[in-house]
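J.: Dropping a structure here in structure tokens format, bear with me for questions.
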Amino acid sequence: MWQVWAIYVVLAANLSEEQTLKQACPSCEATQSCDCSSMGLDFIPSGLTGKITALNLAHNRIKQVRAHDLQQAVNLRALLLQSNQISSIDEDSFGSLGKLELLDLSDNSLARLSPLWFGPLFSLQHLRIQGNSYSDLGESSPFSSLRNLSSLHLGNSQFSTIRQGNFEGIKLLNKLWIDGGNLRRYEPGSLKAIKKINHVIMSIRRIDVFSAMVRDLLHSAIWLEVRDIKLDIEKEKLVKNSTLPMTIQKITFTNASFTDQYISRITVLLKEITSLRELEAIDCVLDGKGEWDTHEIARGGQSSVETISVTNMAILHFYLFFDLKGIESQVGKIKRLSIASSKVFMVPCSLAKSFSSLLYLDFHDNLLVNNRLSETICKGAWPSLQTLNLSKNSLKSLKQTAKYITNLPKLVYLDISENNFGEIPDVCDWPENLKYLNLSSTQILRLTACIPSTLEVLDVSANNLQDFGLQLPFLKELYLANNHLKTLPDAAAIPNLVAMSISRNKLNSFSKQEGARVGTVQLSLMECHRSLVVSLICALVFLLVLILVVVGYKYHAVWYMRMTWAWLQAKRKPKRAPTKDVCYDAFVSYSENDSNWVENIMVQQLEQACPPFRLCLHKRDFVPGKWIVDNIIDSIEKSHKTLFVLSEHFVQSEWCKYELDFSHFRLFDENNDAAILILLEPIQSQAIPKRFCKLRKIMNTRTYLEWPSGEEQQEMFWENLKAALKS
């Protein structure tokens, strides 16, 4: 069977939309992920197809999402529309996006949310709609059909109301983020529809709204993070006659503001949450001096909190801060305490002694000094402590630091890096269980017997060491990077060493006592020059890929594969259509540059003849919406003959070359005479691509009609053509 010689005509008709998409988003041409962000687009570009799985249209000027914009993008997984000017979305705009997993509509101008938008998105996992202009979520739930939703981010500066029923349909969320800085009305019970939320982030300013939301989250949220709130006195209890088990394990305050009075009250309120294990404060402000109501705090009984973490706490009057006497009874169960970057300069001894269960203490990046360590680490302080981090403080004397550290008999891990010790004494006292010591970046010039021999891990990197001569029989890990060492440490002094870092030194010789001579050790190229070898391999792979791309582009490899596939599919059809299905005398294949001759001269001569011939032209007779190749194959199968109008335009056109290549598969392998060749103008044989050897052979062996210049010869041409069509 012979079919499909006119693919230029077909593909040219389909190129306009693809060209429009490629011009708007050049990245869409060769990838399934289209990055059309920051392109100045006013509309979603046309030409989106099912091959696209990710579409980024962020930071444009799009104002509307229309029903047909995304209709063909049926395999889309991620759609990013944030930071546009979208104020209108047709109700069925997302109707074909059943595979969509991520939808970002944040930072637009949506004044309302419609449940109809999200109805077809049954695969959606992540929805971001914050930063718009809606004031509420509607009377019902816009998310009722999103059964697979995992994360939801909503709210804006005008968001003021949350109603009961707004979250119906959502049973489980990994993250819920509510931007409610101006949230004024919250109907109790609204969040109870969600049975479990791993992480809730709330930006709330009103304390009454905050308390009402926390009451609804007591039995569903695991980690509650509250941002941008100025906490004030709240007289009501958080827990009200509920027998359900509480789930909140961690509460984080970020950019929050506390007063002395609220510290007392919040401590009492949080004791009601019996499941709470961790409290965290990040970038918060304490407007007070530590005048906490310790009697009120004590009346609430013991807290269940085991971990407290404070980072970058601004204490406005820290120089007037009280010694927190009276809260000793509340810290006995705490196991981990971290107060970093908060200008801590001491801890009263009586308070330090009360942390009877504390295992981990982190005071890095504070203002601790040696002459205050007598209070902070007094005898009997932190009795169970195993890990201590005093890095990046203002400690100057290693001897004094070690002296007070001996008051911690159970200490195993000590980090005192990034202090300015400089000199190191010859002898120091340390806890007998100390196994890990970090002295990196402490400006020390030499190492002495001050370093405890019990160590298993020692870090003295980033100092000014000239050599390493310590006897450390239990040492397993040694970090010496970024010093001035000229020789390796003596292996006999560290017999159990497993790992050593010694980069960025000045090594120029090796000791004979190292065991095997360096010259006898045979290392592979990869071991010696791993980075170089990996770089060379990557460069070679990139070069190979580049060569394949260039060769494939030059010799049209992608086109050959697509056409071969179409040919194999067409070959499975019957070679001849039944006589009753033949409805055209001829299918005409021609270059668009020759359309004037074909449509205005040849068509008139043949279709107005007596009897008239019926011709199939792509512009007129192709079925709209049908795939191009199918249109071509069906048209040729329903035609008695196929006319090929050959010209210089036809042969030199890149698309015509593809057409000839496909026709090379479909027509000439069948050795029939259903093809009629019309030579509209002389063609130099050199102009025909050399790879089309069968076409050259057929043009040299088969008779073809040549369009004459004289009128008398033209009459004969038409008679011959009509006779050929009738044969």
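Cβ atoms are placed via backbone N, Cα and C, with glycine included.
Note that the structure is predicted; figures quoted are calculated from it, not measured.
From TrEMBL, for reference:
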type	residues	note
DISULFID	C28-C34	disulfide bond
DISULFID	C349-C378	disulfide bond
DISULFID	C428-C450	disulfide bond
DOMAIN	582-725	domain 'TIR'
TRANSMEM	532-553	transmembrane segment
J.: What is the number of other Cβ atoms found within 10 Å of the Cβ of C450 (disulfide bond)?
T.: 18
J.: With every protein chain in view, what's the tally of Cβ atoms within 10 Å of the Cβ of C28 (disulfide bond), excluding that atom itself?
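T.: The answer is 23 other Cβ atoms.
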J.: Once the chains shown are all counted, how many other Cβ atoms turn up within 10 Å of the Cβ of C378 (disulfide bond)?
T.: 17
J.: Could you state the whole-number distance in Å separating the C-alpha atoms of C450 (disulfide bond) and C28 (disulfide bond)?
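T.: Here the two Cα atoms are 65 Å apart.
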J.: List the Cα distance (Å, whole number) between C34 (disulfide bond) and C349 (disulfide bond).
T.: 62
J.: Quiz question: given the disulfide-bonded residues C34, C349, C428, which has the greatest number of C-beta atoms lying within 10 angstroms of its own C-beta?
T.: C34
J.: State the Cα to Cα distance, in Å, between C378 (disulfide bond) and C428 (disulfide bond), rounded to an integer.
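T.: Computed Cα spacing between C378 (disulfide bond) and C428 (disulfide bond) is 18 Å.
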J.: Work out how many Å separate C428 (disulfide bond) and C349 (disulfide bond) at their Cα atoms, rounded off.
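T.: It is 23 Å, counting Cα to Cα.
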J.: On the 0 to 100 pLDDT scale, where does the domain 'TIR' (582-725) sit on average?
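T.: PLDDT averaged over the stretch: 76.
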J.: What's the CA to CA span in angstrom from C28 (disulfide bond) over to C349 (disulfide bond)?
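T.: Distance (Cα to Cα, whole Å): 66 Å.
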